[in-house]
Amino acid sequence: MGDDSEWLKLPVDQKCEHKLWKARLSGYEEALKIFQKIKDEKSPEWSKFLGLIKKFVTDSNAVVQLKGLEAALVYVENAHVAGKTTGEVVSGVVSKVFNQPKAKAKELGIEICLMYIEIEKGEAVQEELLKGLDNKNPKIIVACIETLRKALSEFGSKIILLKPIIKVLPKLFESREKAVRDEAKLIAVEIYRWIRDALRPPLQNINSVQLKELEEEWVKLPTSAPRPTRFLRSQQELEAKLEQQQSAGGDAEGGGDDGDEVPQIDAYELLEAVEILSKLPKDFYDKIEAKKWQERKEALESVEVLIKNPKLEAGDYADLVKALKKVVGKDTNVMLVALAAKCLTGLAVGLRKKFGQYAGHVVPTILEKFKEKKPQVVQALQEAIDAIFLTTTLQNISEDVLAVMDNKNPTIKQQTSLFIARSFRHCTASTLPKSLLKPFCAALLKHINDSAPEVRDAAFEALGTALKVVGEKAVNPFLADVDKLKLDKIKECSEKVELIHGKKAGLAADKKEFKPLPGRTAASGAAGDKDTKDISAPKPGPLKKAPAAKAGGPPKKGKPAAPGGAGNTGTKNKKGLETKEIVEPELSIEVCEEKASAVLPPTCIQLLDSSNWKERLACMEEFQKAVELMDRTEMPCQALVRMLAKKPGWKETNFQVMQMKLHIVALIAQKGNFSKTSAQVVLDGLVDKIGDVKCGNNAKEAMTAIAEACMLPWTAEQVVSMAFSQKNPKNQSETLNWLSNAIKEFGFSGLNVKAFISNVKTALAATNPAVRTAAITLLGVMYLYVGPSLRMFFEDEKPALLSQIDAEFEKMQGQSPPAPTRGISKHSTSGTDEGEDGDEPDDGSNDVVDLLPRTEISDKITSELVSKIGDKNWKIRKEGLDEVAGIINDAKFIQPNIGELPTALKGRLNDSNKILVQQTLNILQQLAVAMGPNIKQHVKNLGIPIITVLGDSKNNVRAAALATVNAWAEQTGMKEWLEGEDLSEELKKENPFLRQELLGWLAEKLPTLRSTPTDLILCVPHLYSCLEDRNGDVRKKAQDALPFFMMHLGYEKMAKATGKLKPTSKDQVLAMLEKAKVNMPAKPAPPTKATSKPMGGSAPAKFQPASAPAEDCISSSTEPKPDPKKAKAPGLSSKAKSAQGKKMPSKTSLKEDEDKSGPIFIVVPNGKEQRMKDEKGLKVLKWNFTTPRDEYIEQLKTQMSSCVAKWLQDEMFHSDFQHHNKALAVMVDHLESEKEGVIGCLDLILKWLTLRFFDTNTSVLMKALEYLKLLFTLLSEEEYHLTENEASSFIPYLVVKVGEPKDVIRKDVRAILNRMCLVYPASKMFPFIMEGTKSKNSKQRAECLEELGCLVESYGMNVCQPTPGKALKEIAVHIGDRDNAVRNAALNTIVTVYNVHGDQVFKLIGNLSEKDMSMLEERIKRSAKRPSAAPIKQVEEKPQRAQNISSNANMLRKGPAEDMSSKLNQARSMSGHPEAAQMVRREFQLDLDEIENDNGTVRCEMPELVQHKLDDIFEPVLIPEPKIRAVSPHFDDMHSNTASTINFIISQVASGDINTSIQALTQIDEVLRQEDKAEAMSGHIDQFLIATFMQLRLIYNTHMADEKLEKDEIIKLYSCIIGNMISLFQIESLAREASTGVLKDLMHGLITLMLDSRIEDLEEGQQVIRSVNLLVVKVLEKSDQTNILSALLVLLQDSLLATASSPKFSELVMKCLWRMVRLLPDTINSINLDRILLDIHIFMKVFPKEKLKQCKSEFPIRTLKTLLHTLCKLKGPKILDHLTMIDNKNESELEAHLCRMMKHSMDQTGSKSDKETEKGASRIDEKSSKAKVNDFLAEIFKKIGSKENTKEGLAELYEYKKKYSDADIEPFLKNSSQFFQSYVERGLRVIEMEREGKGRISTSTGISPQMEVTCVPTPTSTVSSIGNTNGEEVGPSVYLERLKILRQRCGLDNTKQDDRPPLTSLLSKPAVPTVASSTDMLHSKLSQLRESREQHQHSDLDSNQTHSSGTVTSSSSTANIDDLKKRLERIKSSRK
């Protein structure tokens, strides 16, 4: 015990250090008493304890420590020297006190820290506390934060430095410990109390939920400025003063002092400056100067990323600014100008005043660039110049600005004035002195008198701002000469201006802070938005637009921005964008109630929280109705959603009410300006309900609506974080499911990949299987966008889970992400000036990978690691490499900065240890994947050394090196490798391995490039040396690479490069070059073109086994079976077979059976399409060779590996031919059961069979041909259409085999060629076979010529390609062949053609030698054949072929141009009549007398025959004149295949089969929609329009009356027609080709359609009529104005003449004319006025004034007067000079009317009234009335005499006689022949019978009276018009002509008919010029071939000026036809 008490004797300081706790406790107690007693703070007593205070606070005994803390507190409070202990004591407190469980200890520790701050040691304390935040013990961290918070609360932000605290805040918010996060939240609230919104930017990236919580807390804070409650010792007096003031109630002065103490914190000051200059890409300054805009863009984008840092470190930015300035000033690409301006803005904002030194250089360039008018460029420039202004002063840039003020460009002047106005707002009276103001005012005063209003307005605004800043007194001297109006305007502008100088410090800073932030941070807080508005409010210019510009900022590349939400908002209005991006301030519940009550019914608000669920439901219904009726601008979204959230809110128990609630949320989000603040009110509730069975769907809908309003990235982040903060697994799984679907709908752009990956990992670790499944599904969707790199993030997962993820990824393999359907509603790609959208079709994943977080690993590449890699000991080197591999593997994705690693790895590529070399290569592969495209900066220093390794002697090392080079090239592209001399230097090395590998690599890569650097030429000399290398493999590789070098460099350059070679070498190399020139592939097409086909509907219809080809409405309707079923069939059948086969397996063969049990061909979705795409893009070798080389075989093997069973592939590529036979036998067996597989792999099967053609074994060849026969039979049954790719890689090799010496093989090949025509157009087969005639093998030539003859015999002349003329000339050449068999074959082929087409063949074959010609003539004589019928084989023997063509709708565009006319007729005859073609020909051979006299039994076919005959004769003549005869060989000789294809398709437009017509229209629409192809339609416009209105008439008369026909089909057809017409009339050059007659008939058809009441009754009828309206407007505006005006006048004339025409029709025609009149002022100069006046003259002649006045409506006369008045007004007296085309001006009143109008307009005094004029006119009328009657009758008789107008003339004569019964027409008949007189009398009798209802003729012809009434007669086209169904009589000459046409079409001779005059000779020449009917122009191109005939017609027409010939023929014709009709009538009645 004695020992224990010894310490009692010790002094206090020793007790305090004693090892016994009791001694220490006693010592501390004594010390405390001592400290309390010492009154003098400078007493020496204090110093004794100076070294002990740390021990006081760090005592190990908790009880003792408490006492020590008390003593330490007193010491610090009173001792003068206490400050010296700050560091160690506070450190002790942090580490040993803050971790104590006792609250008292912690409180004392905090008090000690605060006391140190009070004694002015705040910095040291803060430093130690911040160190404490890094401690691992959360208790310590919490206590440190609490201490800092208390210190800030008590001492204020002036004493406690906020910047270091704010810097660590985000890290604290990420802590796992809730206590730490809670304490961080409290300190953030405290900091916000002191600095307000300056805290927002640093916290933008914390978790959104935490940010939301902070926002809620911040809103609760009082708005009054905070005050410190505790003061430093030096401020104790101030504290005393403050207490005194508080006791006295305070005064203003105290408040003022206090206010001064609260510092104004600038957020900029709180940010860390970032150094960006060193981070610029090394090649930046080269790229910014590059010729390619894409490279310049890449350089600018790299700067754009760097300048997003809000605060930049000072440095030398001169070069960077200079480069950006150059882009702004000189770049022609506006997109890059805007991007460079954006970069300058970022630099100015980030550097602030440090940028001022560069301002003077940049400002003039920007001001000059304002000449650019594109809004996005102007906006970017405005933002840039505004940001730059804030870095300098107006004085500094005044000279530059004033210099631009005199620019002539008004846009520059306007924008400069606006900039001055904005600059003035930042000035004060002191910063805008008179010396500065004077020059600006002088310049602006010039602008207020500018001619451009926008310049004047901008100048007024600038002067008004100056007035507001410096006051009237300072400005008035400069405004002395300004007039009052302008002065008032300046003052008005001045009143509107809001200045910034009053709050300059704060707001300018805020402006700088927040302007860039929306682009740099994902979300912005409420106050930040408020500030942005405050700044931008007074500025109409760029500051207001800043948020809009930035909103679409983050996604940089064109393609990915499109699917996402962010990039697509560009076209929406700016305001809408701001509301989306800006979070509105949170409203209090009172404000919300007030706003809601203003828009909702009162009962609704009251019943929201009713206890009765029915009342709540009724309330919700009212709520919904109110929301539906609200306008977007009036809807208070936040107030409404807060009302919904009001009790019971989301805890609503009734599911019906809850469903309504959720639906209303969705409605509000869709209809209102929904902000993120509103979203935050409801999202928690939605997430809570998403898992609900009844309400889940509604919750998802609401979320989707919110995502559309607030953008998906933000919404998704909120929703997922909320879901995972809950513990409900159902909610979590459903949230992930919703997100999967949302990504597909919105696209992936802007999504925070990192955040989702962490959430998905959480979900994958969940115990609930539904959550895991949902997470895996989400990963699958993300995989679509991110690609294989996504898997890297989940490699650490459990194997079972990883296999599930892999399975999901496998499902998505090959699929492309769907196009976004949401978030792009009003999007138009206006921002992509260079068409960027198409530039990157499939590389969206690369852009998404850019979003993935990349790790900085440079700090891990330490010098130790580098020295390890370079160590002498290989084991240590290996360790170093292992470490590097581990670093890269852990990081997954890395940043390009990798320190000294490239140098270290480069050394290892030359390592003597080959294992290490391989390991290094593996690391380099890893590096390429991890670094991505950024690896390109390491190509020169690390990539080229990899190529050196290709020269290694070991195979495996070379293979690894090649794989590495490919991995790098995949990331970098080839440009970096080919630039410079590095590659040529490698090739120069005489290492055979290196040369082989390098040349092989280049041969693989060069074909895929569109362009290469010029440095490629440097490789050529070394390539030539490789061609002569000793090593054979090197030579072979060099030869293979030669065409690809030539592809890029061209033959000339390559040949020129041989100049330096030795003469012997040169000759050899040149020979090789010639050979390579033949095999040189074309350069790959640009991606835009490549992608345009799949994007549009124009891609060929490829067979898709997995899904029915429903893209085309026609082809899908003809598909007999849906493809999915087919796809399943083989699987089932093969399983069934295998089950049977496996009943009794022997053990030895079990494995083999299992291997062979499955299908032999595997259906790979889109596999064939991908292979075609690869071949087209030259990614693989094109299947084109003379003999198959190894690389082709290897390529085919590789392609087959994915879709052919392995065991079969082994057989197919076995070296033994017996295995080939075995493979073919298996393929034959599986042919029927695996149709889909065969079709899916058809291209590969055919290629493999071509290889078999080169085998010498006959049995294999026979087996292959047997298989081919079966294969093509199957394909034709399946109606499959061979693709171009399949055909071109197979047919040439098959054609070679036709020359085999064995007859049996030749016979089989011919049979196969014959069957191929069932699956591939004969016209496309023709060129392949024609190519075969050029062979050296005479047997092949002979067989090919025979096959050509068969094709012509079967399919007609149009099968000949490119034209019959060229084809026959080539065939005729072989008549002179040395081989007899070839000569005979050529002669037989031409004889075949002769048998089909007669003597025309001699014109086509051209000049033959006398010998050849005599041989041909002799052969023709010997054949003893008259020309027979055209090929009927295609109808009779090839029905399958016809179906195949029609069913493959998409192929018609490319499809066969052969045999067009015959196919068209065949289609018509098959659809319209069941009879065969021969029966149609017998129609004109009927013996009518025999039929008439035959009263016995009728032959079974007679009724059909007669009925057919009647229909065909008396229905309107479908094919007028001889103009649609079969397309003759002459036509093909003159026109290309394209023209004939278009003719064929146009002919199908008028088809009676709706599907055929729709197909044709679809194809034409494709052509019209592509600008580069639309020109192909030129010259076919009339033909196309005729076919179109023929179809319109057909629909009107036939289809609409057909009850069996689906009306939807008719609507579809109408839609196609109208869509086509609109496309056509949007192309002005094509629209102007339409002629008058065609336009007239087209307008007739369209107006008839608009008036069709049957259409209005259909469901979509109104839409059709609206579309027609639109089309009519297009026709009127875009057609040739003369033609359309003329057409309308003629149409009006016809409609007024026609008795059956409705008034409504005429009215619509007149409306069209009125529209044309309105257009006249703009179009008068382009109109042929002479022609129009001639048409008006004819109109006025037919309708004199009296007759017009008799019309029921006054509109016709008003229309005519208006038209003439407008013409007079526009042309003046010159109009009278345009009557040149009128022969007899007295025939109408036109000239008199024009004279009156001119006289009236020129009479200035107005003395002559209109009445006098009219009286004068009436006197003239009276004098001429008698003459008029005679003229009128003469006109009628001329019409009767004219064949065209005979019917109309008779009708008019009948009307005239009926009206004027006493009229004498004898004088007119007296001079005519007896025939003519009897014809007129009989015609009048017939009309009388018709009018009185005795419709004998009508009924006998089978034409319904209804059709008579509905059809409007068109007098100018009675014979030829399709719609002519009103029972007109038609002369037999018409039938004779039709017979002639039909005979010619069928290939019959017409020579016997030559004595009959042609149809046109039977027509009299019309007395007045009439508009040629549209159908007269059909096939107008044939006119050149009928020149001789036309001359004959002209002579006939001239001779027919008198009536005699016409009338005789006419009357005899009528007599004959009447007789014919009567006889037919008797036949019919006798059969009844």
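Just so you know, glycine gets a Cβ as well, placed from its N, Cα and C.
Since we're looking at a predicted model, the values are computed, not measured.
Under the heading region 'TOG 1', Swiss-Prot lists 1-223, citing a curator's inference as support.
Swiss-Prot lists 159-197 with the feature repeat 'HEAT 1'. Averaged across the repeat 'HEAT 1' (159-197), pLDDT in this predicted model comes to 88.
Look at Swiss-Prot and you will find 268-502 tagged as region 'TOG 2'.
The repeat 'HEAT 2' feature in Swiss-Prot is assigned to 356-394. Per DSSP, the secondary structure of the repeat 'HEAT 2' (356-394) breaks down as 30 helix, 0 strand, 9 coil.
Each residue in the repeat 'HEAT 3' (434-472) gets a DSSP state, and the totals come to 33 helix, 0 strand, 6 coil. Residues or ranges marked as repeat 'HEAT 3' by Swiss-Prot: 434-472.
Annotated region 'Disordered' per Swiss-Prot: 516-579 (among others), in sequence order.
As annotated by Swiss-Prot, compositional bias 'Low complexity' applies to 543-554 (among others).
Annotated repeat 'HEAT 4' per Swiss-Prot: 750-788, in sequence order.
Taken from Swiss-Prot, the feature region 'Disordered' covers 811-851 (among others).
Classification of S816 (phosphoserine) by DSSP places it in coil, neither helical nor stranded. Taken from Swiss-Prot, the feature phosphoserine applies to S816 (among others).
Annotation comment: Swiss-Prot describes S845 (among others) as phosphoserine.
According to Swiss-Prot, the feature region 'TOG 4' maps to 853-1081.
Long-range neighbours of the repeat 'HEAT 5' (855-893) within the same chain, counting only residues 6 or more positions beyond its ends whose Cβ lies under 8 Å from a Cβ of the stretch, are 789, 792-793, 849, 899-901, 903-905, 907-908, 911, 913, 915-916, 919-920, 922-923, 926-927, 930-932. Annotation source Swiss-Prot lists repeat 'HEAT 5' at 855-893.
Here Swiss-Prot flags 936-974 as repeat 'HEAT 6'. Applying DSSP to the repeat 'HEAT 6' (936-974) sorts its residues as follows: 32 helix, 0 strand, 7 coil.
Using a Cβ-Cβ cut-off under 8 Å and counting only residues 6 or more beyond its ends in the same chain, the repeat 'HEAT 7' (1013-1051) has close neighbours at 975, 978-981, 983-984, 987-988, 992, 995-996, 999-1000, 1002-1003, 1006-1007, 1057-1058, 1060-1061, 1065, 1068-1069, 1072-1073, 1076-1077, 1079-1083, 1191. According to Swiss-Prot, the feature repeat 'HEAT 7' maps to 1013-1051.
The annotation region 'Disordered' is assigned in Swiss-Prot to 1077-1160 (among others).
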Secondary structure tally of the repeat 'HEAT 10' (1361-1399) (DSSP, helix then strand then coil): 31 helix, 0 strand, 8 coil
Sequence-remote partners of the repeat 'HEAT 3' (434-472) [C-beta within less than 8 Å, at least six residues beyond its ends]: 394-395, 398, 401-402, 405-406, 410-411, 413-418, 420-421, 424-425, 427-428, 478-479, 481-482, 486, 489-497, 499, 501
Number of other Cβ atoms within 10 Å of the Cβ of S816 (phosphoserine) across all protein chains: 13
